[in-house]
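Asker: Sharing a structure here in structure tokens format.
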Number of protein chains: 2
Amino acid sequence: MSDALPQGATIGILGGGQLGRMLSVAAARLGYRCHVYDPGTNPPAGDVCAQVTSAPWEDEAALRAFAASVDVITFEFENVPTATLDLLEAARPIRPDRRALAVSQDRLTEKQFLRDLGLTTAPFAPVSDADTLEQAVAQIGTPAILKTRRMGYDGKGQARIMAAEDAPAALAAMAGADAILEGFVNFSLEVSVIAARGLDGRVAAYDPGENLHEDGILRQTTVPARLTGSQRADAVLLAGRILNALEYVGVLGVELFVTPQGLVVNEIAPRVHNSGHWTQNGCVVDQFEQHIRAITGLPLGDGGRHADVIMENLIGNDMDRVPELLGARDVALHLYGKPERREGRKMGHVNRIVAQG
Amino acid sequence: MSDALPQGATIGILGGGQLGRMLSVAAARLGYRCHVYDPGTNPPAGDVCAQVTSAPWEDEAALRAFAASVDVITFEFENVPTATLDLLEAARPIRPDRRALAVSQDRLTEKQFLRDLGLTTAPFAPVSDADTLEQAVAQIGTPAILKTRRMGYDGKGQARIMAAEDAPAALAAMAGADAILEGFVNFSLEVSVIAARGLDGRVAAYDPGENLHEDGILRQTTVPARLTGSQRADAVLLAGRILNALEYVGVLGVELFVTPQGLVVNEIAPRVHNSGHWTQNGCVVDQFEQHIRAITGLPLGDGGRHADVIMENLIGNDMDRVPELLGARDVALHLYGKPERREGRKMGHVNRIVAQG
């Protein structure tokens, strides 16, 4: 506690989307103010924070003024440009730190980090041109999936290679960016663990959630997941190893495949995670408050779960269901205040309480 | 639903204290923006709303600009000056409306309204000078309590009359303001009902909470209250009668004394209420969201309770307990971000989950 930020301190958040928005609300509940930095105008987090800076990531004057106004910096997504982080880091602590970002910004670095930790990932090989792609396909086989090493999000920058002749088109889809070829994993279930590590090194994890993706976008998370007790324990322990190896501070999301051979790590996200939204209505301390506790030096909450919850994203025209959802029992609605619907755009989510206690 | 405010509409909130703060967060969750008007600088609600106007209640230009920027107006406390409300009401709907305010701004009007509804109140008589006070004391007897008719809050503007000779000092404490003498009520329990009425006339109520006051300030609310089933039903029905009689739109708090002769109405508050804060961790739709649903024309949530909760206010130096509370299990902390502690100042509250399900 002695290192904890005092009441009224200001947290800088890079990115003002729905994650920044929910972080800002959680920060307020703990008596902190938030200053959101976002390149867009009227970012969703702007409705619930003390201050907003709308400026490009390259605006050094705006970045300097932002840093000077805050006590600690965090982020809601992992693709903040390196030069931006360099500038900010010189002025204020960034939590989680650059190492976590370096690992998660690059799919190849991430996979190598996980493998070095002794964790299982999909088979993978680096791809930079037609030759390395040919070698990678030969090594990994098909079907496989080619992904850009950086800036992937919600299924963008990815191309499937079902047979060797798909390779040229897949490579073209990378538009010259360095890539990684990943083998398919035969899994029965996708789950994720949302875990946190405090400034004091203590770790806490939420019960794993079972995820359903559609078109590369998370559709639904259910807790409890259909896991055995030992799978659940493995998932949580594995998240703890990642947190400790990175000396991580904050909340981290770990996506896992459940296979007959054990758990396979799909990817890690160094931030609060869509598949952890259920904690808002299933836990006393949700993932957003947990993240704020971690980065401000407060003790972590215990992560205990008091309800069975199904979290469902409201994407694009799912917003037409809002009137019905408002009238449903045991449904908590969380809308993001985005003025414009677009196909594939996350507009909100609902937490449906299936059972309490 | 057809009359409901669309996503992205703006709610104006008069008053930017902790109630306005928690209303603003709830509004955001439903996709609305809030513009807070408060005479103070840096009001607590300013940390979590889209816009703040810091200007006196008498600043007509500021009030007009505020009204023009919002779609509906509500308030977090009942003592907004009449001229301010006149100006705003000409521009935008105020919910709940003037009638609810007229009744609750004046203790005498309030008592008469309740009595006209057939509800039981403490015995009362109007007092404007030494003569009417003498008559009132003769009629009601001692002990009794003299209160200013208007602007009472957290025990201010009140003086006890234990015997007739206390009358002159009590009258002096009113500083010339019109007053009301109220007889003491012998009660075993203080409870309150938080209830809501939607724009469509439907009514929903939360389970009554049992209140503990100290020095005229709410200290603790416990749900469930120690009431019989019929007392619980009476309390909820009585709140419904008040809501319907006022054609009320929004959340209302009704404070009740439990006596051997039945329930006695102490006072009503035309707003979200401190004794309803437990709903944040005991219900899927809390009192703040319920209020926002009502005033925006959305359907009310059902008010079901899924946990036994003890809400405790953190007042002044209670903030020293925050480190311990952060480490406690099943305790949800809600701080108001007030920079300065003062004796008797509400700095936050905790909801302690005693049992789930």
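Residue positions begin at 1 at the first shown residue.
The backbone N, Cα and C atoms fix where each Cβ goes, and this holds for glycine too.
What TrEMBL lists as ATP binding site is A:ARG107, A:LYS147, A:152-158, A:182-185, A:GLU190, A:HIS213, A:266-267. Positions annotated as domain 'ATP-grasp' by TrEMBL: A:111-296.
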Asker: Highest Cβ count within 10 Å among the binding-site residues A:GLU182, A:VAL185: which residue is it?
Answerer: A:GLU182
Asker: Summarise the model confidence on the domain 'ATP-grasp' (A:111-296) as a single mean pLDDT, whole number.
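Answerer: Its mean pLDDT is 94.
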Asker: On the three-state reduction of DSSP, what should I expect for A:ASN266 (ATP binding site)?
Answerer: strand
Asker: According to DSSP, folded down to helix, strand and coil, what is A:GLU182 (ATP binding site)?
Answerer: strand
Asker: Starting from each candidate's C-beta and looking 10 angstroms out, tell me which of the binding-site residues A:ARG107, A:ASN266 has the most other C-beta atoms.
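Answerer: Its Cβ has the most other Cβ atoms within 10 Å: A:ARG107.
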